[in-house]
Structures are given as structure tokens and as C-alpha cells.
Amino acid sequence: MQWNAELALTHAAHHLKRCSTPNQLQSWYALLLKTNTTQDCFLINQYITACSNHRIIDTAIFAFSQIVNPNAFVYNALIGAFLTCFRPLQALRHYTLMLRSAVPPTSYTFPPVIKSCKVLQFPGVGQCVHAQVLRNGFGSHLHLQTTMVDFYSSLGMRAEARKLFDEMPDRDGFAWSTMISTHVRAGDFDSARRVFDEMPHKNTAASNTMIHGYAEAGDVNSAEALFNAMLERDVISWTTMIYCYCKQEMYLQALEIFEEMKSTGTTPDNTTMATVISACAHLGTLGKGKEMHMYIMQAELDIDVYIASALIDMYAKCGVMERALVVFFKLQEKNLFCWSSVIDGLAYNGYAEEALAMFDKMEKEKIEPTHVIFLSVLAACAHAGLVEEGKRRFSIMTSRYGILPEIEHYGCMVDLLSRVGLLEEAQVLISSMRMQPNSVIWGALLGGCKLHKNLEIAQIAVDRLMILEPDNSGYYTLLVNMFGEANRWNEVARIRGIIKERRVEKALPGSSWIEVRKKMHQFAASDNYHPSSKQIYQILDMLDSQLKVLGHAAQLDLVV
DNA sequence: GTAGGGTTAG
């Protein structure tokens, strides 16, 4: 009977470790209680691992607390469980507990411990653990050496990583890839290439890392060359190439190679889809974006925070905020990126109040905002002209969250103040900045001056802009128009003289595009290139006259 | 048990 029960348990352990629901885990522990085997280190080890796979740490902690004499396997399982359940500090605590209980660590103890030091960014602790690795006789353990190289690499201690790698008597594919990655992380692509060239049998991972390096360096040609030369390509190779194109804003190429990937039989995964949806967002191609969404559903890929953020952003940028919100509200777990995308999407689509309400909701869920999210918040205030609200949020950013404003935040605030005509206040803010104002700042101020016809401050802004962007004719043109409007023709002549003297090139006109029925239509200001431009202008004129009837005068005075 | 690819803003 006893023997049968044990056999059943062992069998259950095998089964439950792979596929089990939280409920099954519970009944498993009940079985352990019933059979008096809660002290069996082998079974508890399996049990803790299963709990960890389901991210249920509490039950694992309980099972551990019941063991009188946990062995190294049990400790290893628990330390690993803490790490996978995002509690690295607890992982380290139980490691020290293990040492104090005089249970000698095994080679399996260290990877999760070192990884915990890595995610916690504890260089000192990591070095202590390294010393213990050596003291326990694992100095020439290939696996642990690689883990240590990665640790030093992640904390930016490249010299230590390099030294360790150089001293390794044997190196496998993991070791080489880690070293290449070390240089890529540091932005030292030449060193990455040198290590890659030195590597005897280049595997797919190493090549992928190298392609990623090229992508970061903006070297599309080298990335393509290496990619094309690869004998075997996996999902990561393809995804990295897609990322490479995205990084260079070559979104159409990104979508093209995605199709190629599918046609050659490689199945995209979550990472691929997140990248490719982001490409659709940048292109503003709703049709393609929807196709990608459909693919995810068909392939039954899990909509994780990466894909969700990308989808929300894509739908928002394509102007279908309703769809973005559906994705957002369906999400079980939301991280900062999801919130950021939805808040920015609302702001971008003109729902300023809703964006702010969404931000407040995020605060209530105890998600710590970052400086990025405040850009969306302030942009929402700026678009809706919510001055007091904007000022309040701007000050909360620092007082409540300790986030110092970056130049982009100042840009939003200057834009906000200038738009509503608080030009002096905007100037005061600019002079209070802890960094040199750039052309965006002065441009925002100038925009406000234009709107509120303040020539004096406009002159100040343009003087600065002339220094910062001497080749940009747009600012001069704007100033010329402003003075012209005020009938100050002497000034007009003076500035035209400067333009001539400096031979400022006429800036390339900006353009925008929109997708209608899967076809792209591109427009520049006042152009006549579109086949239907005649009808389009007719409609614009009609809209304009309707607006006038409603007492809304368009500002066409920019166009001379 | 160790390596390689992802989402927002600018």
C-alpha cells in the first residue's frame, strides 16, 4: 500500500510538473499530507518547481516552511521560484538562509542567485557570490562562468566580463554569444565584431546577436549581409532583421521581410508580432494592423503586454481609439507600457480629459508613472489648453514622483503656456530650465507668438533659432510673415536680406499620409499631386465656408 | 540550470 502510494506520487509529480492547474497543485499537496510525505525532499522539490511554473509562490513558501531539514535541491527550487516570481530579494535571502543552515550549495544554486543580483543591480553582492562560486570549487564550471560573464556584462562591468571570458579554458556557443552581447550592450560594435570573427563555430544565437548589434549601430547593409549568409535562421533571426528595419524607420521593408519569413515557413511568435505591429503603427496602416491582430487571434498567441501596447498604439495612431480601448480593457495584466499607450492614444485623438482620467486611474492602481508617461499627460493638457491642470501635473511630477523634468517636458509646458498666450510665463519657465533650451522649446514659444501676434518675443525666439538651426528657413519665413502682417516692411526686408545672405535652403515640405481601402495617399501642404486633388480642395473649401458660418475663422495667414 | 529578438515617448 505504502509502495503504491509512493509510486502514485512519483507519477503525479511527473505529470504535475509539466501541466497542472492551480487546483491540481492544491490537491497534490493534500495528497502529500495524506501520505505523510511533506518531508520528502524529492517530492517537495517537484512541488515547488510546479508552483513556480504557475507563478504561485505562496504555496511554495508554505511547503518549504513545513520541511524540517530541507536539502540543497529544495533550496535550489525555492530560490529559483522566488526569481521567476519576481522576488529576487527573497531569492537572495533564502540563499543566505541556506548557507546559515550549513547546506552546501550545488552548481544549480548559483544561476538564480546571480541572476537575482543582476535584476537587483547589486554589483557588490554579485561579486561576493562570485567569490563563493570559486570557494565551492566551481571556478572552472563552464555554465557558471558564462552566468558570471553575463552578470558583469549586464551591470556594465565590461572589463570584468572580458577578463573572465579570456580566462575561460573552454568556451561553448553560450559563452561566445554572451561575450558578443556584452560588447553590443555597451554599444561597442567593433569589439562585438572582433569577437564574432574570432568565434570558431558560429551558431545562430551568436549571429543573431551580431545582427542585433548592426541594427543598433544602424548598419542595415551589414545586418542584411550577415542574415543572408546564415545557413540556418530561426524566429529570432527574422525578428531581429524586422527590428533592424524598424530601427531605421524602414517600416515597409520590415513588413516585407515579415511576409518573406512566413512564406519560408518560420512561424512568428509574440516578439515578432509586437515588432511588426509597431511597424504598422508607424506607417498608420490600419488594414495591415488589423491583419496582424487577426493573425494573432488565429495563431492563438497570447496577447501579452508587449503585443497589447503595440496594438493599442497602432489603433490609436490609426484613429480608431475604440478598438484601442477594447484591447486595453480586455487585458488582465497591464504594465506601464499599456497605460502609456492608452493615455497617449487618448491625448493624441483629442480626448484630453479622458487621458487625464486614465492617468488618475493608473495612479490608483499603484503603477509608478515614468517621465515618458508625463509627456502624454502634458501633451493632453497642451492640446486641450488646460493650463492650470497642466501646471499642476507638471509640479506633481517632481514633488510626488521625484521625476526631474526633461527637455521634452519643458517643451510641452512651453507649448501649453504659449498657446494660451502666457508668453512671459513661458519665457520665465525657459530661463528656469536646468538645461540649454533647444529648437523645440524656442519653436513652441514662437508658435505662441505667432498665434498671439507678439513680435517682440517672436524676435527673441527666432534669434535663438537662427543660432540653433541656421539652415532651417521655416522660422525665417514665419517671422517674415509676422512682420508683414504687422506692416513692418523694413523688418521684412531686413530678414529677407539675411535669408539671401546666408543662402538658407528652402526646407523640404513635410507631408502626411493616410490609408484608405488599403491604399496609401500622401499629401504635402498645397500640393496638386494627388489624382483627386481637385475634388479634395473643393471639399476643403466647402468645409472652410461651413466653419466660417459657424464663426470659426481658419488661420490661413501663414500661407503667403 | 547558462546565451541571442519585443511594446510607449523623443
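The backbone N, Cα and C atoms fix where each Cβ goes, and this holds for glycine too.
Feature list (source: TrEMBL):
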{"type": "REPEAT", "residues": "A:71-105", "note": "repeat 'PPR'"}
{"type": "REPEAT", "residues": "A:172-206", "note": "repeat 'PPR'"}
{"type": "REPEAT", "residues": "A:234-268", "note": "repeat 'PPR'"}
{"type": "REPEAT", "residues": "A:335-369", "note": "repeat 'PPR'"}
Reported in the order helix, strand, coil, what are the DSSP residue counts of the repeat 'PPR' (A:335-369)?
26 helix, 0 strand, 9 coil
Other than its close neighbours in sequence, what residues sit by the repeat 'PPR' (A:234-268), given a CB gap under 8 Å and a spacing of at least six beyond its ends?
204-205, 207-208, 211-212, 214-216, 218, 220, 223-224, 227, 275-276, 278-280, 282-283, 288, 295, 299
Counting only residues 6+ away from its ends, which parts of the chain sit with a Cβ under 8 Å from the repeat 'PPR' (A:172-206)?
142-143, 145-146, 149-150, 152-154, 156, 158, 161-162, 165, 212-214, 216-217, 219, 230, 232-234, 236-237
What average pLDDT does the predicted model assign to the repeat 'PPR' (A:234-268)?
97
DSSP-derived helix, strand and coil totals, residue by residue, for the repeat 'PPR' (A:172-206):
26 helix, 0 strand, 9 coil
